[in-house]
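For reference, TrEMBL has these:
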type	residues	note
SIGNAL	1-25	signal peptide
ACT_SITE	His64	active site
ACT_SITE	Glu118	active site
ACT_SITE	His122	active site
Amino acid sequence: MRMESKFSFLINLLVLQYLAVVCVSQDFDFFYFVQQWPGSYCDSAKSSCCYPTTGKPAADFGIHGLWPNYNDGSYPQNCDSGNPFDEPKISDLIGNMRKNWPTLACPSGSGETFWSHEWEKHGTCSESVLDQHGYFETTLGLKQQTKLLQALKTAGINPDGSTYSLENIKDAIKEGTGYTPWIECNRDSSGNSQLYQVYLCLDNSGSGLIECPVFPRGGKCGPEIEFPSF
Ligand code: 5GP
Ligand code: 5GP
């Protein structure tokens, strides 16, 4: 090779390497699949809640979101403002979304604001793997698959305002889903620690649950936590 072409070959190689690093660094390692207990959102000391315009949700866990994450615990967000939430793309899923992904924030809404926030903040960071329809469909599928409330009830853990051991709650979810959950607690208006959100992990191709590579920080529970009614 002539000196000149060797030089341009090297430059090309460097450019390709740079592009590879940029592309890979926009990627992510796994997803958190996060479900919330509506009773603990509503009776929390920090927030009151508003039922959706479509009515009070069922006494069941609801979806909070599907969040791309890195193995070091950090996460990308708001990755593509050029791909806004577009409800017509998921019109076939809306009935299912209202039931399983209800919004409890005030003022009351039908869900679009919450879904749009989740898509734009988190979903746009995994759009290379799941497009909008795939993102919402996959998340709804995980809710059906994990059946958290059933797993807890089977173990005698009911949303009745009693207090249960955190270990028993984790064991029941592991027994039901096959995977170890992370439990996030918040506090009710009397300051009691209560079961607020359950985190499970999904591989970065969106194809199956995995053991979580890392658990979130914060939201720690005491050894005994309340499971409020809704
Ligand atoms: P908070 O500060 O209430 O725990 O979380 C606020 C928001 O930050 C969440 O609703 C979620 O959008 C995002 N978030 C918090 N922790 C994590 C995390 O560990 N991973 C990801 N991907 N997002 C998170
Ligand atoms: P995040 O998870 O993705 O960053 O934060 C949740 C955002 O969605 C907050 O701005 C919150 O006000 C809004 N939101 C709307 N409905 C709900 C709900 O039912 N639960 C939670 N946790 N946030 C909701």
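Backbone N, Cα and C atoms are what each Cβ position is placed from, and that goes for glycine too.
Secondary structure at His122 (active site), taken from DSSP and collapsed to helix, strand or coil, is coil. For the pair His64 (active site) and Glu118 (active site), the Cα-Cα distance reads 8 Å. Under DSSP, His64 (active site) is assigned to a strand (E or B) in the three-state scheme.
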